[in-house]
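K.L.:
I'd like to ask you about the structure that follows.
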Amino acid sequence: MNGSRRIGENRLISPLFVFFLIHCSIVGVGVLKFQKEILKPAGYDAWISVLLVGMGVHAIVWMMHSALNASESPADVVQMNKVHFGRWIGTAANAAFVVYFVLGGFVVFRIFLEVIQVWLFPRINIYPLAVVLLLLVYYTVSGGLRTVTGMGFWGTAIPYALTVPLFVFAFKYIHPANLLPIGTHSIADILRSARTMTFPYLGFETMLFLYPFVKRPAESQRWTHAAVGAATIIYVFVMLVTLMYYSEGQLHHIIWPTLNIVMMIEVPIMQRLEYLVVSVWLLKALVNVSICLWAACRGTGQLLPIKRRVSLPLFLGGYLALAFWIRDRQSIDWFANLYSNVGFWIVSGYIPLLFLIVWWKRMRKATKAS
């Protein structure tokens, strides 16, 4: 896999910053509304599903890094597809990855616009706002991966510093008895609930593109696992607070449970805390979209003789056009479900398949050498 051009030292990032990029990719707009869907199959045992998915993602991350670490020189998924699947299938797979990341960025972008429209400014014309957000994305992505990484650091530090302590104020309203008895649902129900957690956990697969941009890339594995572990803690914590705060019947009718909890919190110095949460969560959404588009531009540049300064405006223009077309929640949910379903097969099908192919080739090579 030495056919790729060597990446300059000034474009590389420290393994530590993989934590912030991957964590921002996983914990984004999904944490604001994931509770309702996973509650349907498993009820108050849904928190077990969240924990199981987190453990499963760790296994997928191990497979992903094992395949990436097996390369003689750092390679991304584009180069690996060409080597392991051949020219035609590899090119088709790479094109699918580009479309997948473009779709993922758009879903996050459109959902966050909906959050702003529902919770902050119900009567606002979203199109000028969409233009402003896309300009911020353009500035971030055009600055390169290091700019995206800097935003990822602040997109992790600031939102958590300001929002996580707010949940402490909600503790006086929770009812821990809601969680009892534990384990009243079947394993099948818990697994069905876990399947609906695909969308909130998607994002760690961007490591397939980030890998060759990391100094000492083999060391990035621990930080990817750390990012997934931190995301799992956040999701389990939010799920437990939600289950102890609401009754099961209430949750079936609430679209944004996390924001509803924040809305009910009262502190002396500020009212309408959901305004603060949505505002600081803009950083996370911005980083999430930027990482997706950076990966899409990276993949496009390797497939076609198109540089980022050309592909990025095209993708952003497509986002703006789709924002005009997609106006209702049903359409947004359709795109989100499409992204979730494709992502499910990538993380549970493609990555294990790639791992098995790499493992088989290494075993065959070792057998021949012996």
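Note that Cβ sites are derived from N, Cα and C of the backbone, with glycine treated the same way.
Nobody curates TrEMBL annotations by hand; they come from automatic prediction.
Okay, these came from TrEMBL:
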- 12-34: transmembrane segment (TRANSMEM)
- 46-68: transmembrane segment (TRANSMEM)
- 88-112: transmembrane segment (TRANSMEM)
- 124-141: transmembrane segment (TRANSMEM)
- 153-175: transmembrane segment (TRANSMEM)
- 196-214: transmembrane segment (TRANSMEM)
- 226-246: transmembrane segment (TRANSMEM)
- 276-297: transmembrane segment (TRANSMEM)
- 309-326: transmembrane segment (TRANSMEM)
- 338-360: transmembrane segment (TRANSMEM)
K.L.:
Need a quick answer: max count of Cβ pairs under 8 Å to the transmembrane segment (309-326), which of 88-112, 124-141, 196-214, 338-360 is it?
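P.N.:
Looking only at 88-112, 124-141, 196-214, 338-360, the most contacts with the transmembrane segment (309-326) come from 124-141.
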K.L.:
Honestly, do the transmembrane segment (12-34) and the transmembrane segment (196-214) touch, with at least three Cβ pairs under 8 Å and pairs 6 or more apart in sequence?
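P.N.:
These two stretches do touch.
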K.L.:
With pairs fewer than 6 apart in sequence excluded, do the transmembrane segment (88-112) and the transmembrane segment (153-175) have three or more C-beta pairs that lie under 8 Å?
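P.N.:
Result for the transmembrane segment (153-175) with the transmembrane segment (88-112) is no.
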K.L.:
Check for me, if you would, whether the transmembrane segment (88-112) reaches the transmembrane segment (226-246) - at least 3 Cβ pairs under 8 Å, residues 6 or more apart in sequence.
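P.N.:
Contact absent: fewer than 3 Cβ pairs fall under 8 Å.
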K.L.:
What stretch, picked from 226-246, 276-297, 338-360, has the most CB pairs under 8 A with the transmembrane segment (196-214)?
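P.N.:
So the stretch in question is 338-360.
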K.L.:
Looking at the stretches 124-141, 226-246, 276-297, 338-360, which one shares the most CB pairs under 8 Å with the transmembrane segment (46-68)?
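P.N.:
Of the candidates 124-141, 226-246, 276-297, 338-360, 226-246 scores highest.
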K.L.:
Can you tell me which of 124-141, 226-246, 338-360 gets the most C-beta pairs within less than 8 Å of the transmembrane segment (276-297)?
P.N.:
124-141
